[in-house]
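What follows is one structure encoded as structure tokens, with my remarks underneath.
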């Protein structure tokens, strides 16, 4: 068993089984680290809690909803505005967050009255918003507040509102992944099947496990619209509360992030017979194959092929321009969950990068299995790393860039390594054909930034300003390519706009052919 023991964690021997170095000819039965277990006492984990997984990851991207946390303000603040899940309703869910602000007296005497008062105040403050999600936290779960009963009372008193209750306190799982499961099943049990659509087209999908980071969802919806597919709901990025209550009427669940949303897909299949189809919106070849799979399900392959041909012709020469300049650069792929396997093979094959490490903070064994299988010999795989282990890995592997979250990204920069935000992006969207070129552009800019040269200078030297001029990114990158590539008339840099989403929103999408209207919809299966 090729376990990798970090020097900094020798005092915690249990950590040894949570990191492996992939050896030559290794099969997955002998090179997987342990995963999705409780954090070992003594190691400072970078994980979030189950409440965070429910509210921050899945709940809050819903756009037309008052999201209120029943607990202390700290829980609310920690899950506010750290992910860029934009929406087409002026980003209401990003601008405003709500909390009941539970204090010591409420812990002693109960906080149900406070919750009810806060819910009414929130609805009064935003009279145009008629939907609300209430999130239970550790504090109010431990004192036994009956949030479901309070939600029912508020709905009865106001008449025109609807409230969803998410009971996912922080202790409900070993990481945020526990919260993913909680909110998936709670939404299905409480809300799916409670609203019927006015309109159903010939080809209808739910787009599941997509959170519209900097517009990812809107890019993918544009492809589906161009194929003549009606997207009934998106779970949950840029999705509306009531459309998600109609999920039972789709013909197909198209699943993007399996780690956070496979649970609701599997239950929709079991309860309503809706098939599940896993796709990948990152990378040219994975995305092209994903569009083909969806098209094949509906028998509209020609429409998918037309889109793929158009997008390849426009964006592939630009991707290849960056690939020539990124070949051989080493990357540590340290995101949260499924991106470690969504990205690992695509960035190697399509950008020329070499993945030297993958890690996950809340991924399960299945995520590691897929991630490690897509890495080459010598890749270091780590489950639930702490900061000191990450630093030791950086010193050992010497990556040129790291893809990770904002918190680890800050200490990564202190070690002289550039990072790109794998959770919320730098200049996204990164999904779609153009998005993948934007990602390559951001990698290129980060690796070849003159700031890296300046950061390495000893500015205390008296002649530093004279002897240490710096080169531009393009000058540095072009040192590594041939003249044929450098002066190619086919390959060229990214030509898209800074905001690639505004144009998508401005398009007039044709309504797909009608299959049946609401009065023809039969009651959902029990």
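Numbering starts at 1 and runs along the chain as it is shown here.
Note: Cβ is positioned from N, Cα and C throughout, glycine not excepted.
Per Swiss-Prot, these features apply:
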BINDING   49, 75, 138  [8Fe-7S] cluster binding site
BINDING   257, 423  [8Fe-9S-C-homocitryl] cluster binding site
REGION    507-526  region 'Disordered'
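Positions of Swiss-Prot features highlighted on the structure.
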{"residue": "49", "record": "[8Fe-7S] cluster binding site", "Cβ contacts under 8 Å, 6 or more apart": "138, 170, 171, 175, 176, 179"}
{"residue": "75", "record": "[8Fe-7S] cluster binding site", "Cβ contacts under 8 Å, 6 or more apart": "51, 69, 99, 137, 138, 170"}
{"residue": "257", "record": "[8Fe-9S-C-homocitryl] cluster binding site", "Cβ contacts under 8 Å, 6 or more apart": "209, 210, 211, 337, 338"}
{"residue": "423", "record": "[8Fe-9S-C-homocitryl] cluster binding site", "Cβ contacts under 8 Å, 6 or more apart": "83, 213, 335, 336, 405, 406"}
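For the [8Fe-7S] cluster site, the Cβ centre of 49, 75, 138 serves as reference, and the other residues of the chain with Cβ at most 8 Å from it are 50, 51, 52, 71, 137, 139, 169, 170, 171. Taking all protein chains in view, 17 other C-beta atoms sit within 10 angstroms of the C-beta of residue 138 ([8Fe-7S] cluster binding site).
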